[in-house]
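The feature signal peptide is assigned by Swiss-Prot to 1-35, with experimental evidence given as support. What Swiss-Prot records for Asn68, Asn68, Asn305, Asn305, Asn363, Asn363, Asn408, Asn408, Asn523, Asn523 is N-linked glycosylation site. Look at Swiss-Prot and you will find Cys467-Cys472, Cys471-Cys486 tagged as disulfide bond.
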Amino acid sequence: MSRHSQDERLGLPQPPALLPLLLLLLAVAVPLSQAGVYYATAYWMPTEKTIQVKNVLDRKGDAYGFYNNSVKTTGWGILEIKAGYGSQSLSNEIIMFAAGFLEGYLTAPHMDDHFTNLYPQLIKKRSMLNKVQDFLTKQDQWTRENIKYYKSDPFWRHADYVMAQMDGLFAGATKRAVLEGKKPMTLFQIQFLNAIGDLLDLIPSLSPTKNSSLKFFKRWDMGHCSALIKVLPGFENIFFAHSSWYTYAAMLRIYKHWDFNIVDKDTSSSRLSFSSYPGFLESLDDFYLLSSGLVLLQTTNSVYNKTLLQHVVPQSLLAWQRVRVASMMANNGKQWAEVFSKYNSGTYNNQYMVLDLKKVNLNHSLDEGTLYIVEQIPTYVEYSEQTAVLRRGYWPSYNIPFHEKVYNWSGYPILVKKLGLDYSYDLASRAKIFRRDQGKVTDMESMKYIMRYNNYKQDPYSKGDPCNTVCCREDLNSHSPSPGGCYDTKVADIYLASKYKAYAISGPTVQGGLPVFHWSRFNKTLHEGMPEAYNFDFITMKPIL
């Protein structure tokens, strides 16, 4: 780090002066009393090959942005970063490093909280920690070796951008911790956070059990979610939304807007807005609005055929890395699927919905290529063009594989035989609820409503179970309540997406008079940095820099 005058020495990020603060608050619609907006600019020092940070918003800097720490008042932090638009010309790798550095610097305290909260949810034994650490170390090494070896390959070049961003994230978080006299996070902890989704399959693959009971698994513990794409009858508009399900320990949230000036003939998207978490260089949910005109949604498919998990090896790219590379490179759904399919790790096995808004002609047609469905299991990725289904009105997604081969190989037919039709694609409770209620979606408010829907006491399809519905509340389970379920919803349409805008709400649903979730009922579950109660409204997410 180069030495500068006393005035320029790196301090902690400070709240901004009142005028820019007011401008920010006007743009993000947060009352002044709730403000905790911090901004900073990162400068690449080419001689020293380091980053210097100043607590100013300088458009000539190599990366600049702000973090609105409004988690306690809206349920969301908001991060916006622009990189590569400064006065000096930088390589794409340095731009990505600077962007990662600034994010780490601005959000390090919440990154630390998020790791604290999630670690005990995933790691129950020290022996498992060692196995996970060993796997992630080997996987990281394999990835970096390939990046070096295949320098001229566009795929690996983009993998390099993602890894440079992660290296920056680590360096920036370290800088902030040192300044505050705190113990910095390790690189493994950063890798662990980014691989949370992958760990949901990696951990079972590292600890094969002889007879895992099918009856007592929780619906939310594998990161299950609900998603819906809805087209109005005359193609007047297209809505899309996602509600995340996982442990409530993951409810420390950041909505992110990134705009990176990456100059590469093989890059289709370097600007994106997405729902995320502290320290994550991916959405995890997934809910992405990309500058290529693609929208990406995802729900998780459990793999009940445990023999498939034997094929998980570190010589592969994790799902979060492949999602980032595919989302940067692809200009359409088919390309996205092709890129994503490479070096499949068989971890975080999901259904991805890739919606191409460039193919949507409102009031006229949904052209071929509007919707691609991509599904992954270990050793296999299947994708298909499914616009014909969407033309009939909607595409629902609810944690059961669509493609027959993926469904069969994952072990669902056996599950249906043992546990009934709730695990079939056509007759799962959410399949029935979406089929019944999607026709009521006519505008943004009704789309929000269906995605927060939980009427488990009266709805015959829920059978009295607070998780047999669109927005699960396992904490309301009368037999064995636990702090998990559906804890957010993000909604947008074609008009909002063109401006990188969306509406987002954080916390378990209270629709129809359901009780507000309070952490006091589940104090043994770590929830550092979170509000005690979750009773927030939808807020508008939009970039303002």
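Every residue number used here counts from 1 along the chain in the order it is shown.
From the backbone N, Cα and C atoms, a Cβ is placed for every residue, glycine too.
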Rank the disulfide-bonded residues Cys467, Cys471, Cys472 by the number of other Cβ atoms within 10 Å of each Cβ and report the first-ranked residue.
Cys472
Those recorded positions, out of Asn363, Asn408, Cys471, Cys472, Cys486, Asn523, that come within 10 angstroms of Asn305 (N-linked glycosylation site) at the Cα:
Asn408
Rounded to the nearest Å - Cα separation of Asn408 (N-linked glycosylation site) and Cys472 (disulfide bond):
26
Could you tell me which three-state DSSP class Asn523 (N-linked glycosylation site) falls into?
coil
What three-state secondary structure does DSSP assign to Asn363 (N-linked glycosylation site)?
coil
In the three-state scheme derived from DSSP, which category covers Asn408 (N-linked glycosylation site)?
helix
By a simple count, how many Cβ atoms lie within 10 Å of the Cβ of Asn523 (N-linked glycosylation site), its own Cβ left out?
11
For the glycosylation sites Asn305, Asn363, Asn408, which Cβ has the most other Cβ atoms within 10 Å, all shown protein chains included?
Asn305
Cys472 (disulfide bond) as reference: those recorded positions from Asn68, Cys486, Asn523 with C-alpha within 10 Å of it:
Cys486
May I ask which of the glycosylation sites Asn68, Asn363, Asn523 is closest to Cys471 (disulfide bond) if we compare their C-alpha atoms?
Asn523
How long is the line from the C-alpha of Cys486 (disulfide bond) to the C-alpha of Asn68 (N-linked glycosylation site), rounded to the nearest angstrom?
24
C-beta crowding around Cys486 (disulfide bond), within 10 angstroms:
30
